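Feature annotations, courtesy of Swiss-Prot:
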- 94-105: compositional bias 'Low complexity' (COMPBIAS)
- Cys24-Cys48: disulfide bond (DISULFID)
- Cys28-Cys44: disulfide bond (DISULFID)
- 73-111: region 'Disordered' (REGION)
- 24-48: motif 'Twin CX3C motif' (MOTIF)
Amino acid sequence: MNTIQNIQQLREFLTVYNTLSERCFNACARDYTTSTLTKDEGSCVSQCIDKQMLVNRRFMLVFAEQAPKALFKQGEQSPTEAIKSAKPEPAVPAPEATPVETTPVIEENKQ
């Protein structure tokens, strides 16, 4: 890797790290009277980090599986164009739209 790629990779890592730290701190830190975490806070942070890392790993696996399909779905497009035009496929097809006749509601003024 060249230097620019190393810097970009470091920047991405630090962004993920900072986001993870902020989420877990906001979710777990409750006692600001001490300079160390309480036992409950430490446990919460550990569970939070484990959960976030698991979610990140699952997300990356799905991304690694789906990205090539999206990139080369349309063979005539370049990978950049394919990414821009790729739309996520809905899990459930949308129902057919059917016209519905409506009857206007007339409100009576009661005085």
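Keep in mind that glycine also has a Cβ here, set from the backbone N, Cα and C atoms.
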Worksheet item: With DSSP, how much of the motif 'Twin CX3C motif' (24-48) is helix, how much strand and how much coil, in residues?
Response: 15 helix, 0 strand, 10 coil
Worksheet, complete the sentence: Mean per-residue pLDDT in the motif 'Twin CX3C motif' (24-48) works out to 94
Response to the item:
In all the protein chains shown, the tally of other Cβ atoms within 10 Å of the Cβ of Cys48 (disulfide bond) is 18
Fill in: Cβ-Cβ neighbours of Cys24 (disulfide bond) (radius 10 Å)
19
